[in-house]
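Remarks on the structure that follows.
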Amino acid sequence: MLRNLFRRRLFSCPTKYYFMLLVLSLITFSVLRIHQKPEFFSVRHLELAGDDPYSNVNCTKILQGDPEEIQKVKLEILTVQFKKRPRRTPHDYINMTRDCASFIRTRKYIVEPLTKEEVGFPIAYSIVVHHKIEMLDRLLRAIYMPQNFYCIHVDRKAEESFLAAVQGIASCFDNVFVASQLESVVYASWSRVKADLNCMKDLYRMNANWKYLINLCGMDFPIKTNLEIVRKLKCSTGENNLETEKMPPNKEERWKKRYTVVDGKLTNTGIVKAPPPLKTPLFSGSAYFVVTREYVGYVLENENIQKLMEWAQDTYSPDEFLWATIQRIPEVPGSFPSSNKYDLSDMNAIARFVKWQYFEGHVSNGAPYPPCSGVHVRSVCVFGAGDLSWMLRQHHLFANKFDMDVDPFAIQCLDEHLRHKALENLEH
């Protein structure tokens, strides 16, 4: 009798309620465990700060423009220890990418979308490279998102091990691939345009969902997170964004005479070319663009654009006038009117931040940007750590040039900063 009474009290209404609540809690916990993200996707694991065991640079101070820390970096680069630091080779990447799960985990690629906003606005990338596999890995990791699409064009002259390493990296991702047709790229020749066109075709045919195409080279690096890029592109409201200005007289020789490749170099034949086959005047610009999917479709399919491209194939640096000119043709989706009032300089366009040596100086005295903290190659600044503080205040999406051999700390600090910025809101 006492036992029965005990049972009735044990399973009275309040006790049953708590028991059922406990069971429901256990079921809910089990479901959440099944559907939670993989352990390696934790925010802390994806942070890049402290990732380089050979670096004792304070990136926070670097990004603040601290003169002492910047000078420390410059001195570090001169040391024997720095010059002998371990470097990853193409063969290292070939070996690492044999185990894709390990490669993705150890290299800390982001393999799940961070926000719904980014998922709803996929971006396509054309990346033209020929060497420096470590730099490509850093660039791809910095811009990689699972909802985006990435075409990598490898110069046919590149070493076989480099191509194999790129193919190895691409094989680890469903949305990264090597271009179906590879060109032997010659500086300032049509082959540079053709490399981007090949990726354009592949990207256009493989997926209909991406909104914009951004072209890059192996020495570019983002200065915005993917979410910031998405929001910038949304604000463009279907317009393309690239440098396009009135053609200066000193560049007319580039397209008024015929050029041909001789012994691997572009040579002026002295032969006068016929005028371009279009009513719109030629405009000056750069190789870099941010264009809509509709623009890409028009470029690939329009008969008049095809005629213009055929005409441009024996000119000097056609990439520096072709995209800029197409952007001013009235029928092109997302284009600008041809009036000079609509000219867009490299500093006003968002496609790329580049420092030219002959424009550098004191901003307070009217220069567009301060002096280069790194070195110059063909009058272009290869950025150093001292360039980051000013650069990150600009509106551009990417900057050029960065080089692991010149200043890896500039890339390291920028990489860490962008990754932390992308992840900092996920824990809240």
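Even glycines carry a Cβ here, placed using N, Cα and C.
The transmembrane segment annotation in Swiss-Prot covers 10-32 and is backed by sequence analysis. For 33-121, the entry in Swiss-Prot reads region 'Stem region'. Residues or ranges marked as topological domain 'Lumenal' in Swiss-Prot: 33-428. Swiss-Prot lists C59-C413, C100-C172, C151-C199, C372-C381 with the feature disulfide bond. If you look up Swiss-Prot, you'll see 122-428 marked as region 'Catalytic'. What Swiss-Prot lists as UDP-N-acetyl-alpha-D-glucosamine binding site is V128, V129, H130, D155, R156, K157, Y187, R378, K401. According to Swiss-Prot, the feature active site, nucleophile maps to E320.
Here the features listed in Swiss-Prot are placed on the structure.
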{"residue": "C59", "record": "disulfide bond", "Cβ contacts under 8 Å, 6 or more apart": "A49, F409, Q412, C413, E416, H417"}
{"residue": "H130", "record": "UDP-N-acetyl-alpha-D-glucosamine binding site", "Cβ contacts under 8 Å, 6 or more apart": "V154, D155, K157, A158, F162, V185, G218"}
{"residue": "C151", "record": "disulfide bond", "Cβ contacts under 8 Å, 6 or more apart": "A124, Y125, S126, I127, F177, V178, A179, C199, D202, L203"}
{"residue": "R156", "record": "UDP-N-acetyl-alpha-D-glucosamine binding site", "Cβ contacts under 8 Å, 6 or more apart": "L182, E183, S184, V185"}
{"residue": "C172", "record": "disulfide bond", "Cβ contacts under 8 Å, 6 or more apart": "T97, C100, F103, I104"}
{"residue": "Y187", "record": "UDP-N-acetyl-alpha-D-glucosamine binding site", "Cβ contacts under 8 Å, 6 or more apart": "K265, L266"}
{"residue": "E320", "record": "active site, nucleophile", "Cβ contacts under 8 Å, 6 or more apart": "K251, R254, S284, G285, S286, A287"}
{"residue": "C372", "record": "disulfide bond", "Cβ contacts under 8 Å, 6 or more apart": "K355, Q357, E360, C381, V382, F383, G384, D387"}
{"residue": "K401", "record": "UDP-N-acetyl-alpha-D-glucosamine binding site", "Cβ contacts under 8 Å, 6 or more apart": "M219, D220, V354, V377, V380, C381, V382, F383"}
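Of all the Cβ atoms in the protein chains shown, 27 others lie within 10 Å of the Cβ of C199 (disulfide bond). In sequence order, H153, D155, V185, R192, A195, D196, C199, N215, L216, C217, G218 are the residues near V128 (UDP-N-acetyl-alpha-D-glucosamine binding site), counting only same-chain partners six or more apart with C-beta under 8 A. Counting residues of the region 'Stem region' (33-121) by DSSP class, helix then strand then coil, yields 48 helix, 0 strand, 41 coil. Overall, the recorded UDP-N-acetyl-alpha-D-glucosamine-binding residues V128, V129, H130, D155, R156, K157, Y187, R378, K401 cover a maximum inter-Cα distance of 23 Å. Minimal Cβ crowding within 10 Å, among the disulfide-bonded residues C381, C413, is found at C381.
Secondary structure at V128 (UDP-N-acetyl-alpha-D-glucosamine binding site), as computed by DSSP, is strand. The Cβ neighbour count for C100 (disulfide bond), using a 10 Å radius over every protein chain in view, is 14.
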